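Copied over from Swiss-Prot:
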- 18-35: transmembrane segment (TRANSMEM)
- 94-189: domain 'Rieske' (DOMAIN)
- CYS133, HIS135, CYS153, HIS156: [2Fe-2S] cluster binding site (BINDING)
- CYS138-CYS155: disulfide bond (DISULFID)
Amino acid sequence: MSHAEDNAGTRRDFLYHATAATGVVVTGAAVWPLINQMNASADVKAMSSIFVDVSAVEVGTQLTVKWRGKPVFIRRRDEKDIELARSVPLGALRDTSAENANKPGAEATDENRSLAAFDGTNTGEWLVMLGVCTHLGCVPMGDKSGDFGGWFCPCHGSHYDSAGRIRKGPAPRNLDIPVAAFVDETTIKLG
């Protein structure tokens, strides 16, 4: 009887297969922790998105919250702020990109930088931006500061308008807008 006709497994074949299976299990057990450690930890997942109640924010005022370790400005603009921002021609801006994570590649018009309400209408009333100067990472002052009625960074003199667009000073870009949306009439979800 030749070896090719012998279909019954021998003890040696069993040991080969058992050793190979054990090797696969041991390798998987060793590699799994290395792969699993690349997943986000619970504290990082908890910081990835927050809900902000804006029911107490009056027209013409601003709320600052901390998200992912950075300040976020939430301003409820009045009609004067909205009209001022919408009257600026795109060609007069240093940075013509909206820098809006909700609208990648959009132009820096006021409509592309403001946040739509829960019903989807965008009156320009709400503006949500990271409160970090795009020059060197300082925190600009709000309350209609600076030469353009928006924010002013006292560190190096950057002036932002009422839509958070850079108008004067060394900052190269508009203030960044994070992923944000209303989840109901009075709550904004960041992230």
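Keep in mind that glycine also has a Cβ here, set from the backbone N, Cα and C atoms.
Put plainly, the binding-site residues HIS135, HIS156 were compared by Cβ crowding within 10 Å, and the winner is HIS135.
Other residues of the same chain near the [2Fe-2S] cluster site, with their Cβ within 8 Å of the Cβ centroid of CYS133, HIS135, CYS153, HIS156, are THR134, LEU136, GLY137, CYS138, PRO140, CYS155, GLY157, SER158, GLY169, PRO170, ALA171. Every protein chain considered, the tally of other Cβ atoms within 10 Å of the Cβ of CYS155 (disulfide bond) stands at 15. The Cβ of CYS133 ([2Fe-2S] cluster binding site) has VAL139, PRO140, CYS153, CYS155, HIS156, SER158, ALA171, LEU175 as same-chain neighbours under 8 Å, each 6 or more residues away in sequence. Taking the recorded positions CYS138, CYS153 in turn and counting surrounding C-beta atoms within 10 angstroms, the largest count is reached at CYS153. The average pLDDT computed for the domain 'Rieske' (94-189) is 88. Under the three-state DSSP scheme, CYS153 ([2Fe-2S] cluster binding site) falls in the strand class. With DSSP classes pooled into helix, strand and coil, the tally for the domain 'Rieske' (94-189) is 4 helix, 35 strand, 57 coil.
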